[in-house]
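Quick look at what TrEMBL annotates:
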- 1-192: domain 'G-protein coupled receptors family 1 profile' (DOMAIN)
- 6-24: transmembrane segment (TRANSMEM)
- 44-65: transmembrane segment (TRANSMEM)
- 88-111: transmembrane segment (TRANSMEM)
- 139-161: transmembrane segment (TRANSMEM)
- 173-194: transmembrane segment (TRANSMEM)
Amino acid sequence: VFLAYMGGYSSALMNLVVSIDRYIAISQSLKYRSMGIEYANRMLAVVAIVALTTLSAMFLSSYFGLPHKENLDRMCTGLIFPAWFLKFHYSFVTGVNLLSITIYMGVYFFYRRLMKQTAPQSGSDDEVQRSAKQRRLTVTLGIITISTFIFYVCPTTVLAVSTWWSKPVPQQYTFIIAAMTRTCTLINFVIYVVRQREIRQGMWKLLTCRIYEDNHVTAWISNHQS
């Protein structure tokens with residue numbers, strides 16, 4: 001349960017980070033190209049701090065927010081978090097995802113207007129290829145944004161409303177909501193891999209741990225040639 005909740009926080013935060021990153025890349029393209037690894041480190045550091053804070057809040061709310069009593073059920077079922085934390089959780093996840101979707105809608109329409117003002121196929125071959133990659137990436141993330149809204153934001157919105165109104169979701173809909181939120185990440189991953197053809201080989205090497213082997217062989221050859 002804790003991992004599922006942390007997954008919700010992490011997904012919402014990363015969606016927001018990606019939307020902000022795309023906004024900077026489109027609105028300030030020259031400045032964005034000059035940003036180094038420190039920019040990525042700062043963004044990921046903020047995500048890590050927020051994630052650790054929410055993780056601590058989950059454990060503390062569960063330990064101090066609920067009465068300590070013996071549970072004779074073998075499954076240790078019962079309340080895991082107090083009601084106020086569930087309101088915070090679903091409201092936070094839904095709000096951050098809606099914010100990221102709003103930002104990316106602005107990114108998409110800004111990029112469309114920018115492309116209309118730019119002469120097609122202008123510049124060098126590298127600039128044309130870079131523009132094509134940016135266009136494909138922007139459209140890909142737009143599709144993922146729509147997928148996230150349908151398969152994740154809508155279900156979490158239902159849960160957020162139910163917690164604030166103190167009306168539990170009917171059991172027959174709980175399974176559907178759980179299935180939608182759990183398959184959203186897989187759907188987005190498939191969309192990204194299918195659309196972004198240039199990353200397939202690198203991602204496959206990463207999944208099969210071949211990147212380390214290739215680097216190790218390259219280092220071994222360079223050391224023995226010197």
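Yeah, the Cβs are placed from backbone N, Cα and C, and that goes for glycine too.
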Ranking 6-24, 44-65, 139-161 by the number of C-beta pairs under 8 Å to the transmembrane segment (88-111), which range is first?
6-24
In the same chain, which residue numbers or ranges, 6 or more beyond the ends of the transmembrane segment (139-161), come under 8 angstroms Cβ to Cβ?
8, 11, 15, 18-19, 22, 87, 90-91, 93-94, 97-98, 100-101, 104-105, 108, 169, 173, 176-177, 180-181, 183-184, 187-188, 191-192, 195-196
